[in-house]
Amino acid sequence: MPNSSSWGASSPLLLLWEDSSGTRIFLSLLYAVLAISGTLSNVMVIYLVFSFKKLQTTSNAFIVNGCAADLSVCALWMPQEAVLGLLPPNSSSLRSAEYRLLRGGLLGLGLTVSLASHLLVAFNRYVLITKLPSVYQALYQRRHTGCMIGLSWALALLPVPLLPGLWTLGSAQSDGSSRYTALLLALAVLGQTALLLHCYLGIVRRVRGSAKRVSVLNFHLLHQLPFPAAPPPPRRAQRRLSSVSVLLLCCVFLLGTQPLVWVSLLGFFLRPAPPALQAASWLLLCSLSALNPLLYTWRSEEFRRAARSVLPRGEGPAAAPRPAAAA
């Protein structure tokens with residue numbers, strides 16, 4: 001039987017050598033469910049934005065960028081983990097350094113761009129809500145938006161060679177490079193989270209103190225709305241609903257990212273966290289790739305209408321003909 005450190009460096013990220021077959025099967029099924037649901041939801045959002053011209057806004061461009069990154073996790077990385085979890089621990093596929101590099105690169109690229117897209121969406125919404133329309137339109141021209149999206153992918157490609165070091169997190173015999181890689185990852189996510197919270201809390205303060213009746217999760221300019229806007233609810237009720245929606249988004253994001261941050265910091269400064277805690281923190285982070293499309297579209301009426309227009313629906317009873325108007 002391989003020792004803990006050797007298996008930790010070559011096993012699937014969330015599967016441990018001492019796990020029972022039942023646990024490994026359960027995790028593989030969980031990967032499969034996340035892969036299928038995440039792939040379908042991300043593809044649906046991308047399809048809707050590209051199919052409906054009025055959904056092609058700056059905010060949605062950043063959301064689509066995040067969905068494309070999440071597809072590399074849900075459609076490419078998770079299915080491999082689901083299959084590898086069913087293989088025996090001594091399988092040669094698990095010990096191939098090149099294959100581990102490929103899996104680590106897919107995971108690192110997808111998660112990095114996805115987290116960057118979260119920040120781009122938050123900053124876009126912050127500028128739209130808290131700044132003058134002229135400032136927003138000058139900053140988010142088509143050329144500038146394309147540069148921001150390209151920069152998110154360029155920056156994500158830089159740390160990809162470091163990602164295989166994360167496979168040895170928590171190993172008693174892991175080298176110093178993997179520990180520093182984990183520290184850099186934790187600090188990067190922590191800094192990104194601080195900026196994201198600053199943007200969303202600034203939005204909440206602005207909306208709660210503003211007389212404008214703007215829904216926080218419909219962050220498009222009013223002239224870009226693809227459908228006639230419904231009559232706005234009372235100002236107090238809308239501010240309360242908007243604040244709850246933003247805080248819920250922040251809570252889900254914190255739940256997905258912060259466990260890994262503090263597990264990594266604990267392993268660097270004190271002692272490695274228990275393997276089960278490491279596995280749970282990675283699972284929460286990876287599950288964000290399947291949840292992100294819902295986080296950004298569930299409160300958008302235009303997305304819901306577009307989805308209803310393309311999803312198959314059962315044929316209902318024919319409507320009765322309206323009587324002819326009297327002459």
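Here the Cβ of each residue, glycine as well, is placed from N, Cα and C on the backbone.
Per TrEMBL, the features are:
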type	residues	note
TRANSMEM	25-50	transmembrane segment
DOMAIN	41-296	domain 'G-protein coupled receptors family 1 profile'
TRANSMEM	62-80	transmembrane segment
TRANSMEM	100-123	transmembrane segment
TRANSMEM	144-162	transmembrane segment
TRANSMEM	182-203	transmembrane segment
TRANSMEM	244-270	transmembrane segment
TRANSMEM	276-298	transmembrane segment
Touch test for the transmembrane segment (62-80) and the transmembrane segment (276-298), at least 3 Cβ pairs under 8 Å: yes
Beyond the flanks of the transmembrane segment (276-298) by at least 6 residues, Cβ under 8 Å: 13-16, 30, 34-35, 37-38, 41-42, 44-45, 63, 66-67, 69-70, 73-74, 78, 107, 110-111, 114, 118, 121, 169-170, 217, 249, 252-253, 255-257, 259-260, 263, 304
Across the domain 'G-protein coupled receptors family 1 profile' (41-296), average pLDDT on the 0 to 100 scale: 77
